[in-house]
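Take a look at the structure below.
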């Protein structure tokens, strides 16, 4: 499996960049969600924009904040794992990306269904053909890029597994480290001593 993406960039650098950007993006969304939740609970917004928020909307905001907080932590694990070459951290980040990809795939299918059904969510405006084409191309490009990122991160996980498997059998034990290279200490033999060798009594 290739250790590079875009023909020249190491997959480790890709994981470093992707995890850092996803950490920033998810952390910002999570912070905004928790800020809105705080304003709804305390009603301190100067314009009073959050005074009429329903309980169901508040629950949705809390769920979004919780999910993006979890995604931010997993992205942080991927970022730290790319620096320290920690396979478990990178695996956690890779698993998160697969979950997000499938969720994005499902939401994209649902979104395209509404687009091609002829009406928007309000049921009043019919989409033109060129809008459908543009939206479809954008959705497909987003899914392909997302899938490519997932595959690149998975490549790095496989690379770390191969490195662990290669280094495992060659790790020195305590005896190997302390033992001399040119004069290994073998087992003791009674007649190996010169005074007890053949011809000496």
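Glycine is treated like the rest: Cβ placed from N, Cα and C.
Keep in mind that TrEMBL annotations are predicted by a computer and have not been checked by a curator.
As stated in TrEMBL, the feature transmembrane segment covers range 128-151 out of the listed 128-151, 152-175. Only residues 6 or more beyond the boundaries of the transmembrane segment (95-116), in the same chain, are considered here, and those with a CB under 8 A from a CB of the stretch are 71, 74-75, 78, 127, 131-132, 135-136, 139, 142-143, 146-147, 149-150, 153.
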